[in-house]
Amino acid sequence: QKLITPLASSSAEPPRNKVTVVGVGQVGMACTVSILLRDLCDELALVDVMEDRLKGEMMDLQHGLLFLKTSKVVADKDYAVTANSRLVVVTAGVRQQEGESRLNLVQRNVNVFKCIIPQIIKYSPNCTILVVSNPVDVLTYVTWKLSGLPKHRVIGSGTNLDSARFRYMMAERLGIHASSFSGWVLGEHGDTSVPVWSGASVAGVNLQKLNPAIGTDGDKEQRKATHKAVVDSAYEVIKLKGYTNWAIGFSVADLTESIVKNLSRVHPVSTMVKDMFGIGEEVFLSLPCVLNGSGVGSVVYMTLTDAEVAQLKKSADTLWGI
């Protein structure tokens, strides 16, 4: 007596929502677990050069598949395992040391990407790539150049996390939940990021209308300190625990959801901004982007003040200088 009788003659269906995570360090695994817990893929592939660590993480996840809604977790140092990925999340690279700026990491990580990106494209030519490794804006540009993909399919996690930190800190001061505070941080993910004070609001009430000095040195409420805290927060967490991983993991899962579920939600992520806000170079930095099944479906042109546009250009110049 046979236990299971196959009915479909063909071999197994190819996955429809396969997600690959490249790099199984602290950030890669936080992204992986966040994506799994939100049921965003039907197959998950992991890739890394450290074979033992990779196999260990794979086995550990497989042992918990009973508690998840994903049927298959695979891993290998060979990129063949990533074939047919819909989305590839790149977290590989060398990590920021305590006190090291994100931009200092550039050359070390560009070399890593030269090995990774062509392999991804070889096995998943139709994928969308989400770059998380720092300095994310520069590496997203590098990925775009190395991959040959159209610009809408190469996305950097950008200031999605900076905006989340900003919204959390501002909301905390106001005694409300972060989701009820609307605020955007644009530009570089890092030291020259731009807080859009002109667009900060709660329940449709614009904060700059209530306090025209908001975010400036003359602000009695010292809101400028909140943005400084956003910029400094990663450095502080790294100083305390050695790395940041949970918040970026949640942030990446949120972006993943908008892409694989074709949600057309707006997120501040890194995209090619040439010819926007008077930026002439092919530089990647964060603007509000509509994320859907095709990647960045469109860019929302925010009405910024002259000072904010100037800061954005400065952000672009900093990045292009690299």
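Using the three backbone atoms N, Cα and C, a Cβ is placed for every residue, glycine included.
His189 (active site, proton acceptor) counts 30 other C-beta atoms within 10 Å of its own C-beta, drawing on all protein chains shown. Among the features that Swiss-Prot reports, active site, proton acceptor is placed at His189, with the record citing sequence analysis.
What Swiss-Prot records for Asp48, Val49, Met50, Glu51, Asp52, Arg53, Arg95, Asn134 is NAD(+) binding site, and it gives similarity to another entry as the kind of evidence. The number of other CB atoms found within 10 A of the CB of Arg53 (NAD(+) binding site), across every protein chain shown, is 15.
In this structure, Arg165 (substrate binding site) is part of a helix by DSSP. With a 10 A radius on its CB, Arg165 (substrate binding site) counts 21 other CB atoms from all the protein chains. Marked as substrate binding site by Swiss-Prot on the basis of similarity to another entry: Arg102, Asn134, Arg165, Thr244.
Each of the binding-site residues Asp48, Glu51, Asp52 was ranked by the number of other C-beta atoms within 10 Å, and first place falls to Asp48. In this structure, the CA atom of Arg53 (NAD(+) binding site) is 31 Å away from the CA atom of Arg165 (substrate binding site). Of all the recorded positions listed here (Arg165, His189, Thr244), His189 has the Cα closest to the Cα of Asn134 (NAD(+) binding site). Checking Cα-Cα distances from Asp52 (NAD(+) binding site) against the recorded positions (Arg165, His189, Thr244) with a 10 Å cut-off leaves nothing; none qualify.
When the Cα of Val49 (NAD(+) binding site) is compared against those of the recorded positions Arg165, His189, Thr244, the shortest separation belongs to Thr244. Within 10 Å of its Cβ, the residue among the binding-site residues Asn134, Thr244 with the fewest other Cβ atoms is Thr244.
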